[in-house]
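Have a look at the structure below before the remarks.
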Amino acid sequence: MQTLAGKKILLGISGGIAAYKCAELTRRLIERGAEVRVVMTNAAKEFITPLTMQAVSGHPVSDSIFDPAAEASMGHIELAKWADLVLLAPATADLIARMAAGMGNDLLTTLVLATDSPIAASPAMNQQMYSNVATQENIATLARRNMQIWGPAAGEQACGDVGPGRMLEPMQLVEKCEAYFQPKLLAGKSILITAGPTREAIDPVRYISNHSSGKMGYALAEAAAQYGANVTIISGPVSLGTPNSVNRINIDSAQEMHEQVMSLAEKHDVFIGCAAVADYRPANIAENKIKKTDDKNDMSIEMVKNPDIIGSVAALKSNRPFTVGFAAETQDVEKYAKSKLTKKNLDMICANDVSIEGQGFNSNDNALTLYWHGGEQRLPLHSKKELAKSIMQNIHEKLTSSKSE
Ligand code: C5P
């Protein structure tokens, strides 16, 4: 998808080993429709050649402020004005220090001073250099001046150390660029999302749960935040990181999720119930670990119904949010989804057929059909991240059309 169509990205490369990833980064940006022009410091050229960067970007690389030929084709001030985004990757400790000091002692730092476009820096250096107070203070200075700081990641480093200082991977930087340019369709809106499974305790060490990974709910939270919404996610136990700028509340059981949702729902414009909430919970939680018995081969657990969280939200009499549910079905998807839409009094339901391998529970991809009163839209098999964006666009349309009615 041409998610960066027409965007002009000035890629500034400084001299760190991660520079070798810039060819891949450039290709992936161009693949998404961006135009990329490359500026390199002298040190960067020790790690990747200007010829490589020219070949992948399709433009000559600029590396000197005193190059008459380069100045004649696109002068440094023109280049500074051309960019929609200046992306500094890798941004070494030295480049960061020079920018913090406001220096313009090479083409790249001069451009940084001369541009009024947004600038994002992706720090990359040895973990000790990154932790050094000087570097930390310089990064804080740049962040205070509104420079975006993307990364670093932590992990194994080229020098053999382990710790923070790895440049974000090319695709992570591409996603950061996409998020940065995303139209802020949901600015001013607040969205509450439930995600993941619930755990219903049997005794202090055992519980009943399900295979929900939380990926869809987290993708929704990420997409909503990228569209500018204020997002809170109420999450069952999952092994996923919290997306940027999303508030996260962790819960275990359906009752805890119900409590949190009901305390927050009226303060939100939209509620999305994406969690796989256990329908029943053990009637009693044993105080001590239940022991195996020698005399009986079976045991039974009495279960009681959990509150229907989304049903409670949809039944709110005042400040009811626009309410969106999910329906995972294994047969007659349309029939069951539509009946849930009506029975639970929802505004929209996202239905999927979980009997098809490779989509739904636990996978990265899914296909959905959105149903609302008076319409439907099919969203074919795609990554959950892409689907989440489509769902958010749809919610945006519904919110704006209900306002204009
Ligand atoms: O009734 P069913 O579980 O199929 O409905 C699925 C939808 O209802 C999802 O949006 C899910 O998050 C929500 N749900 C809920 N509370 C429950 C059960 C389901 O909010 N106890």
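From the backbone N, Cα and C atoms, a Cβ is placed for every residue, glycine too.
Of the residues PHE181, PHE326, TrEMBL places PHE326 in the same CTP site as GLY273, CYS274, ALA275, ASP279, LYS289, PRO307, ASP308, ILE309, ILE310, LYS340, LYS344. Under DSSP, LYS340 (CTP binding site) is assigned to a helix (H, G or I) in the three-state scheme. A Cβ distance below 6 Å to any atom of ligand 1 is met, among the recorded positions CYS159, ALA275, LYS289, ASP308, ILE310, by ALA275, ASP308, ILE310. Sorted by the number of other CB atoms within 10 A, the recorded positions CYS159, ALA275, ILE310 start with CYS159, the lowest. Reported as a whole number, the C-alpha separation between ILE310 (CTP binding site) and CYS159 (active site, proton donor) equals 51 Å. The predicted model assigns the region 'Phosphopantothenoylcysteine decarboxylase' (1-190) a mean pLDDT of 94.
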